Each structure stands twice: as structure tokens, then as C-alpha cells.
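> What follows is a structure written as C-alpha cells; I'll ask about it next.
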Amino acid sequence: MSVTAADEAIRRVLLTGVSPSSHLPPLTVKLIHGRLLRLDLLHTDLSQLLLRAVSSCGLHLHALRLHSLLPNPSHLTFPFAIKAASRLPDPLTAGVQLHARSLKLPSHANPHVLTSLLNLYAKCGRLLDSQKAFDEMPHPSTVSWTALITAYMDAGRAQEAVGVARRAFASGMRPDSFTAVRVLTACARVADLVNGEAVWRVAEQEGIAGNVFVATAALDLYVKCGEMDKAREVFDKMKNKDVVAWAAMVGGYASNGHPQEALELFFAMQVEGMRPDCYTVAGALSACTRLGALDLGRRVVGMLHWDEVLDNLVLGTALIDMYAKCGGTGEAWMVFQQMRKRDIIVWNAMILGLGMTGHEKIAFALVGQMKKSGMTLNDNTFMGLLCSCTHSGLVKDGQRYFRNMSQLYRISPKIEHYGCMVDLLSRAGLLEEAHQLIEDMPMEANAVVWGALLGGCKIHRNADLAEHVLKQLIQLEPWNSGNYVMLSNIYSNSGRWEDAAKLRLEMKAKGVEKVPASSWVELDGKVHEFHVGDKSHPLSDQIYAKLDQLGMEMKAIGYKPTTEVVMFDIENEEKEHTLVHHSEKIAIAFSLLTTEPGETIRVTKNLRVCSDCHTAIKLISRITCREIIVRDNNRFHCFRDGYCSCNDYW
């Protein structure tokens, strides 16, 4: 190849940025590279252009060779060389050499050079060196501050990234849109609402709040901090909403306890002509899971091509979780079996779903398949196994899994695993053993762990231990009414009415209000919610007439109301009346009136099903020849022909 042809190829590189290696044979490329190194390298402008072109074409090693031949490298050429070094298999060695060479520059503290070095060190995991490079800058630019913030975030140190951002703003730095996004994201990761809102106000002042990326980052901040009203305000003001913003809002509503709003927004998205991505669909499925709305979940999935689900781990996991927690374990299993890709999260979702719905033997067998397939069990796998043991009362199996977890698999139990074990032991009546396990835990017990022990105290009527547990719970969550209510029930069941009354007075004095029980069912895409003694529904008269009819039929076959679960010291007849109007019974009566004979009834409740309702629903399933699935805040109950899948163990 002639010198003229090589020069022409170089000119093409400079003008188009296209690598010569993409359309010329190797020998020709070698000639061009040789020609590059024979050029008059004293021309800084030409050197800069060549470095940019060669580096952008992916010829990073050649870019470094070219830079090494420059007799007078400048702050204009070093950033391109450092960028090329950062893309080598071993970027640190070349980066350190370039850093040493840059110290010979007259302006060695140039922010462009040091920011490039900062980025290179951050990529190599050398955060301390990144900080040192930054500290050499007498006057860091916005780009430099942003690079340092990003370095801390990429190292998983979001809290320190927020600290860097505070120093940046205190120094007078004005953010651009990229800076605002990074800082808002850091604040969202640590749920720092105060600093996040301060950044959002600065973004509004700087006129960059209208940027879709900045607005979405602010929206995400509010979602992570549970401020859904503020998130919605940002969302509604966005002029060009992209799918990421929609996904953040739908997922935010679902994760913050507003599942109906999540679904309303999801279906509004369809009206707007916006196609949801997998994260938006996963958020909608999560909302259906929380509501127990199986038909709505099927409707959401119906908007996708089935191949999308089978090839997408996020969608597959969300769908398995939704089906399992809405009582459709068979459909969850079908999705699991058909998925073309399965990671550890998919396996764990199926194992947990089986364990929660009383299919512990299948869950155990699935773990065996998981090991045979070469998958390594992790802490979430053991959560599924322990959950299966807890719901089935398999104390010895649970103890074995808990022991093997640390001894065979070298997995340190987390507080969630201890919570499962305390729950398992407490339900089995091994209250002292459960209490001792709490005392021996390597971390402080949280409210969930103590609450599990309190639940066991209620089942086995150990009022003395319950009082001790309640003192711990009041310290941890003084405004949780459930703790007071449970102890009051224990007092009531033991005939200690005066103690129960004193506890209610204490609740009133502290301003603690009982969380009202509620149950909901889905009908034709609409969720109907019911409360204790609820008469607000248009079909109330028919619902209560149905309850009276069921009550007579149940008594005819031997049903006697379990009045001891009523916490107030009132007459038995009044207690029976109170029990009839529990929210789950109202929801079931409504479903019997509005669904076809033989159709499965699915009810979701926010609190635990009481023992009287559990007994009554078993009889209702026999009388009506219906399968009734009730999901409370603790587990699933599948009632069929007078029996429950929990075997009366909950």
C-alpha cells in the first residue's frame, strides 16, 4: 500500500471516526498504523485528532503507543490516552504510568487530566486513589465533582456519595442534569429525603427539573422514601414521560401499599399508548399479588407475548410469585416448568410459593432437583425451606435445615432465618426453646422475631411470657396496636377481663388505635373491600341474609361459635353476633352471591384469620361445595370439603 493510500485512510479515520480495520485487510491496517507513527508528531492539534480517532475506533493500544511518542504531550492529549488505557484488560498499569508522566506537565493539576485519572482509578476499584486525584484539583469542575460522586456510588458507598455531594454544593458547584441525576439516585439508595429534596429544589432553580432523567430520579427518590403523593406530583408535571417513569410509579404504588392505584396507573398507561416494559409489568403483577387479584393478574399477563415471559427472568419470577400467592399454585408450577431460563431467584420463588401453600413435600423435592442441576443453595433457598417447615409444623426438619445451613453450606443465618425458627418452635409449643434461641442470637431481635414468640404465647395461652415479650415489642414499635390487641386477647381467653380492660385504657391513653380488620375479593376486574360489620356495600342486605342462612345451616351440623376469641367481656349472645360479622365471612357471603356454583372463592385479609372464622369457613366449604382460598397476613388456607390445607396448624 502506498504512502498516499495510507494517508487517505488516515484522513478517512479523522473525518468519519470509522476504524480502518472494519473494511481493510490486516496487512493494510498494519501499514496504516505504521504511517500513523511516522507523522510529524510535533503538531499538537493533529496529535489530539489522531488520538481521538484511533481511540474511538477501538485501537486503544495503538493510541497509547502514539501518545508515548509525543515529545510534548499536553493536557489536551492526556485525557484521550487515559481513556484508552481504561479500556485495556489491565488498565491500572498503563494508568499509573500515565499519571506519573502527567506530573511532569507544567499544569499537572489540570482538572481534565485528573478527572480522567479519577475515572480510571474508580474503574479499577481504587477509590482512595480516585479521591487523591480529586484532591489534587485546586478548583474542581462540576464534571469532576460528578465523577467523584459516581465513583463512590459505583463502589456501593452511596451514603458517602451523598456526603461528597453536600461538600460540592457547599463549595458553590452548580449541578448539570447528569450531576442532579447521580445525586438524586444516591439519596434514593439511602432513603435520604432531606438532602434529596434540597437537590431537587436546586434542579428547579437551575432550570433542569424538566429533564426527563432528572425528574425520573426525583420521582424514584420519593418512591423509595414512601412519599407517593410527592412522587405523583412530579410524575404529573412531566411533559415527556418515558417507560422508566411509568415503571417507577407503578412499582412505587405497589411496594408502598397502594396496589389499586398501581393497577389504575398501569391500565392508564395502556390508554396513553405506552407499551410497558418488564419492570412495569412486574410492578403491576406485584399489585395483583398484594390484592390477591388472580383474574387481574391474568389480564396483565395477557398483554404480553408468552415467549416474553418464558425468556425474561424478571417477568417469570413476578408471575410465579403472583400465581402462588393468589392461590394458583398449579399455574405457578406451569410457568416454572416452561421457563427457558431459570436463575436462583426463579427457583427460590417457586420453592417459597410451594411452602406457603402447604406443598412442603414438593418444595423439598424441588430443592433436590435444584442441587442436581448444579445450582448452589443460598440464604433465600433456606428461607423457603424454613417457611415450609413453619407452615407444616415440621420442627425436626426445620432444625435440621437451620443447622445444615451454617454447618454444611457455610451460610450465616440472617435475622429472617431466626424469625422462622422462633415461629416454628413457638407454634409447636416449645416456647422456652424459642425464647432461648432469641437470647442466643448474634444480633438484636427485631419486632418480627419477638412477634413470632408472642403469637406462640397466644396459641398456647402463656400470659406470663407474653407480658415479657410485649415489653420488648413496645420498646421496638410503641405505636403498633397489634401487640396490645394480641395480649388483650390472651388476657380475655384466660378470663383476665380486668387486665384486658386496663390494657385497652393504656392503648387509649397513648393514642394507639387498633388497625381495623379488612378482607377483599376480586369480581370482574374490580376489588371489593369489606370491614367488620360493614354495611356500606350495595348488596349489604343480601349479604347479611346469606350470613344468617349459613349460620343456621352450620349450627344444624354442630357448629358452635368460638366466643373466647372475642376480646371484650360481653355476653355470649353478643359475642356470637360479633363473630358472624367478621370481614372474611362477609367477603365469602358476597362471593357466594355473585359467583357461579362450584367456582373457587379467593379472599385476602390484612390480619390473621381467627380460630372461629377458620372453623366456620371449613363448614361453609362443605355446605356450599366450594373451594375457598383465604390468604391472611401469615399464610394460605385452602378450604375444601370441610378441611383446610393447614391441617389446623397456623
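First residue shown is number 1, and so on along the chain.
Cβ atoms are placed via backbone N, Cα and C, with glycine included.
Features from TrEMBL:
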type	residues	note
REPEAT	141-175	repeat 'PPR'
REPEAT	211-241	repeat 'PPR'
REPEAT	242-276	repeat 'PPR'
REPEAT	343-377	repeat 'PPR'
REPEAT	480-514	repeat 'PPR'
DOMAIN	558-650	domain 'DYW'
> For a three-state summary based on DSSP, what are the helix, strand and coil counts in the repeat 'PPR' (480-514)?
27 helix, 0 strand, 8 coil
> Using DSSP, what's the helix, strand and coil tally for the repeat 'PPR' (242-276)?
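Once the DSSP states are binned, the repeat 'PPR' (242-276) shows 26 helix, 0 strand, 9 coil.
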> Per DSSP, what is the helix/strand/coil residue tally across the repeat 'PPR' (343-377)?
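Helix, strand and coil residues of the repeat 'PPR' (343-377) number 26 helix, 0 strand, 9 coil.
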